[in-house]
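Notes to accompany the following structure.
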Amino acid sequence: MPYALKQAGFPMGVLLILIVALITDYSVILLIRGGNLSGTKNYQDLVRAAFGFPGFVFLSIVQFVYPFIAMISYNIITGDTITKVMMRISGVPVDEETGKVYVTETNILANRYFIICLCTLFVTLPLSLYRNVAKLAKASLFACLLVVFIIIAVIVRSTDMHIPPTEDAYTFAKPGFAQAVGIMAFAFVCHHNTFLIYGSLEEPTVHRWSIVTHISVVVSFIATVVFAACGYATFTGYTQGDVLENYCHEDDLINAARFCYGVCIMLTFPVECFVCREVIENFFFQAAQPTTMLRHVIETVIIVGATLGISLATDCLGIVLELNGTLGATPLVFILPAACYMKLEEGKFYSAKKLPSLLIVVTGAIVMVIGFIMAVLSPQGCSHGKEMSYCHANDVNATDFSSTFIPSPEMLTSTTASPPIISTTTAFSNFSIGP
């Protein structure tokens with residue numbers, strides 16, 4: 001999320017977070033209203049009732065794309081975080097002139113390729129092979145607890161690191177606002193779980209659901225703004241797609257946060273794999289017998305293998321989050337809930353009660369198109385794998401960098417590492433609590 005503020009401009013970014021939070025609040029309630037109007041109890045059936053089989057196909061694609069790209073970003077995050085921790089533990093040296101680590105045959109744990117493959121083979125793939133997602137409930141709860149420590153670590157560092165802000169650090173708005181909205185939508189999206197949570201209420205009514213939604217969105221908004229503001233204010237124009245990439249290699253508090261983040265992400269990965277698998281089953285094997293173990297294993301290995309291969313082919317997380325936000329989260333948050341309500345509710349589409357929904361659909365479509373075009377035509381570079389220049393003071397744990405020469409963000413990103421792996425920043429957007 002700090003990266004989203006960098007893209008949009010700090011004041012505009014905070015304003016956009018508020019707008020996305022309000023739209024999330026409204027659209028989640030619209031889903032339940034649409035379900036009541038159509039007599040459906042899940043997102044797929046709601047879209048099918050409103051738009052028939054074509055709508056079902058579109059939703060299936062979006063529901064597959066969103067978790068699939070999320071899994072790619074999780075692999076990137078794992079490579080960023082766990083590699084740094086292993087470097088610190090094994091004492092891998094850093095070249096102060098280039099900022100790059102010395103990777104040799106004796107310190108292979110500093111190789112991101114190796115770390116990502118290792119974590120996939122021994123952690124995420126075995127966990128993804130579970131057939132019942134309920135078995136991951138305790139792991140997910142533990143992952144949520146780790147998030148609290150990560151946010152605290154970022155807040156603490158925002159108070160004791162004094163890196164001079166870049167020239168345009170607090171410009172009101174920047175051209176990357178569309179990509180930023182996509183990233184924010186990625187942070188707040190929770191619509192695929194809406195009907196499940198609604199059904200868990202003792203007395204499921206629209207009124208009670210509205211109360212739960214309002215409280216959840218407010219908490220999410222506060223947590224997101226605090227984390228984003230603290231992360232961005234610390235590094236301003238130097239903020240990477242993975243904000244943890246901005247901290248020095250020898251910062252032990254952040255290394256602890258990196259480890260927690262890596263564990264959290266690896267525990268979240270199987271849940272997204274479960275969603276991808278379910279979409280495949282529902283779309284291709286609706287009339288078939290219950291999934292056999294062989295088919296289950298084949299689907300899982302293909303999904304995990306595909307995300308692994310793609311995650312090894314990119315170097316920056318920012319572009320991954322932007323694309324997932326614009327292509328995956330934006331339709332789920334902006335377009336489909338409002339469109340379904342407009343289709344099912346009586347009256348003309350431009351009537352007063354449908355006007356907010358129409359505005360949301362149009363806004364979502366614009367963000368989706370512009371965000372995708374900007375992400376492809378104007379990709380943001382990153383200085384992945386390099387120690388940031390402000391870490392090269394005499395004491396790398398020093399917190400006052402005001403007298404240290406710091407090159408511009410363009411100088412830092414012009415020598416981007418060769419294209420192997422990935423970065424981690426806005427992924428903290430995943431930590432936003434959905435209703």
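For all residues, glycine too, the Cβ spot is worked out from N, Cα and C.
Per TrEMBL, the features are as follows:
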type	residues	note
DOMAIN	1-376	domain 'Amino acid transporter transmembrane'
TRANSMEM	12-32	transmembrane segment
TRANSMEM	53-77	transmembrane segment
TRANSMEM	110-129	transmembrane segment
TRANSMEM	136-156	transmembrane segment
TRANSMEM	176-199	transmembrane segment
TRANSMEM	211-235	transmembrane segment
TRANSMEM	255-276	transmembrane segment
TRANSMEM	297-321	transmembrane segment
TRANSMEM	327-344	transmembrane segment
TRANSMEM	356-377	transmembrane segment
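Here the transmembrane segment (12-32) has Cβ contacts under 8 Å with residues 1, 4-6, 43, 46, 172-174, 177, 180-181, 184-185, 187-191, 194-195, 198, 206, 209-210, 213-214, 217, 220-221, 224-225, 228-229, 232, 333-334, 337-338, 340-341, 356-357, 360, 363, 434-435 of the same chain, all six or more residues outside its ends. A contact between the transmembrane segment (211-235) and the transmembrane segment (176-199) is present, since 3 or more of their C-beta pairs, 6 or more residues apart, lie under 8 Å. Of the recorded ranges 53-77, 176-199, 327-344, 356-377, the transmembrane segment (297-321) has the largest number of C-beta contacts under 8 angstroms with 53-77.
Ranked by the number of CB pairs under 8 Å to the transmembrane segment (356-377), the listed stretches 53-77, 176-199, 327-344 are led by 327-344. Packing against the transmembrane segment (176-199) from elsewhere in the chain are residues 1, 3-9, 12-13, 16-17, 20-21, 24, 27-28, 31-32, 35, 41-43, 63, 66, 70, 209, 212, 217, 220, 224, 275, 321-326, 328-330, 332-334, 336-337, 366-368, 370-371, 374-375, 378, 380, 426, 429-432, 434-435: each is 6 or more residues past its ends and has a CB under 8 Å from a CB in it.
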